[in-house]
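Following: one structure in C-alpha cells, then a few remarks.
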Amino acid sequence: MKLKRFLVRYYPPGITLEYEKGGCLRTRSIDLLDLTPETNIDELVAEIRRSEPLITESRADQVKQLILRLQQKQGQQDHHRFCFFKELKAHILPLTNVAFDKSGSRFITGSYDRTCRVWDTASGTELHTLEGHRNVVYAIAFNNPYGDKIATGSFDKTCKLWCAETGKCIHTFRGHMAEIVCLAFNPQSTLVATGSMDATAKLWDVETGEEVASLTDHTAEVLSLCFNTVGNQLVTGSFDHTVAIWDVASGSRVHTLIGHRGEISNVQFNWDCSLIVTGSMDKTCKVWEAVSGKCVATLVGHKEEVLDVCFDLSGQLIATASADGTARVFSAITHQCLVTLEGHDGEISKICFSPQGSRVLTASSDKTARLWDVQSGVCLQVLEGHTDEIFSCVFNYEGDTIITGSKDNTCRIWY
C-alpha cells in the first residue's frame, strides 16, 4: 500500500487518504467528529498513527497541518447574515422539492408541471429542463458528491436518471405499481433507491438501468428512505408505523423497528452509521441502534405530529420539526432536549442543520423560513417574502447559501 495524497474534508471534519493497492487507487477516511478548536493536535496525531498504518513518521507533520486547518475552519465565527438575492418563477404549477449539488453551484426543482429544472445558483439562470415524465415530479436528487447525475421520481410510477451536464435522460426505471415519493443515491453513486405508494422500495443499478432488488416487507406507503454513509445499509420509513433496515448487497431485511404509533414522516442515519432517528405522526421521535435495531430513546415534547427530523453532520445533535409550530434540538448522546425553537406561526414541515452545526434552518406554513442559533435557541433571522407556505429549505455545502421553495411557485436564493 502506498499513500498518494491527503484530502481535507471540512463537513464533518475528517481527512481522506488516497492510496494505491494492487495497482488500484483507493480511498479511506479518518473521521474526526469530536474535533474542537481546543483538541490537542499532538495527542490526536499519535492516536491516528496507532490505528492507521498509512500514516508514517514522515507523514505525521502533514496530518498535523491538515488538522490545524480543520480547527481554524471550526474557529471561524458564523456571523453570516443572509440577504435575499433572487426570486425564481421556477414553474407554472406548484413546486414539490428543491436540492443542491454538493458544491452548491447548481440546484434542482421538481414540480407538478411534470418537469425538473436545473439552475445555476450564482446567476439564477435555468440550465436545463428535464422533460419526459407523464405526471408530477415529486422526489429529486443529485448523485453527490459527484454531481454529474440527477434522479427524478414521479407520480407516473417511474424514476428517471439524467445526465446533469447535458440534461439527457440516461435510464427510465420501471417496476413500481404506484407513485414514487422518495429516492436517494447510495454514496458510491452506483445505486438509486426509490420508495413508493405501492408499499415497496426498490434498488436500481445506475450503470445498467436494471432493478437490483425489491424490498417488500412494508404494508403501506414508503415515504422516506436513507442510505448510511458507507452505503451498505438502507433504512425505510412507512405509513404502516414501522421502519426497516435493509442489507443493500443482498436486499434482505436486517431489522424491523417497531414502536411508533403513527405514520413515519422521516428516517435518517447519523454520519458514523451507528444510530437511526425516526420522526412520526405519533408526536415523537425515536433513536435506534443500527446494529441491534434496539430503540435507545424516545424524544418527547411536541404536541402535534413530528413532520421532519435530522442529525447534524457530527451526529451529536438531532433536530425535530412539528405541526405544533415549534422545533426542538436534542442531544443524540443524552437524549435531553437542549433548546425549543419558538416563533413560527404555523406548522414546520422542514428542518436542517448548517454544515457547521451551529445553525438550524426551518421552513413553515407561515410563509417564512427562520434561522436559529443551536446553542441559545435564539431566532437570528426571519427569511420573509414568500406569499404561501414554504415546504423546502436547504443549505449549500459551505453553509453560505440557502434555497427556499414555496407553494407560491417560486424559490428564493439567499446569500
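The backbone N, Cα and C atoms fix where each Cβ goes, and this holds for glycine too.
According to TrEMBL:
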type   : residues : note
DOMAIN : 105-288  : domain 'WDR36/Utp21 N-terminal'
REPEAT : 88-129   : repeat 'WD'
REPEAT : 130-172  : repeat 'WD'
REPEAT : 173-214  : repeat 'WD'
REPEAT : 215-256  : repeat 'WD'
REPEAT : 257-298  : repeat 'WD'
REPEAT : 299-340  : repeat 'WD'
REPEAT : 341-382  : repeat 'WD'
REPEAT : 383-415  : repeat 'WD'
Average model confidence [pLDDT] within the repeat 'WD' (299-340): 98
The repeat 'WD' (341-382), counted residue by residue under DSSP: helix, strand, coil: 0 helix, 22 strand, 20 coil
Intrachain neighbours beyond the repeat 'WD' (299-340), with Cβ under 8 angstroms and 6 or more residues off its ends: 11-12, 33-34, 262, 265-266, 268-272, 274-275, 277-287, 346-353, 355, 357, 360, 362, 364, 366, 372, 374-377
Composition by DSSP (helix, strand, coil) of residues within the repeat 'WD' (257-298): 0 helix, 22 strand, 20 coil
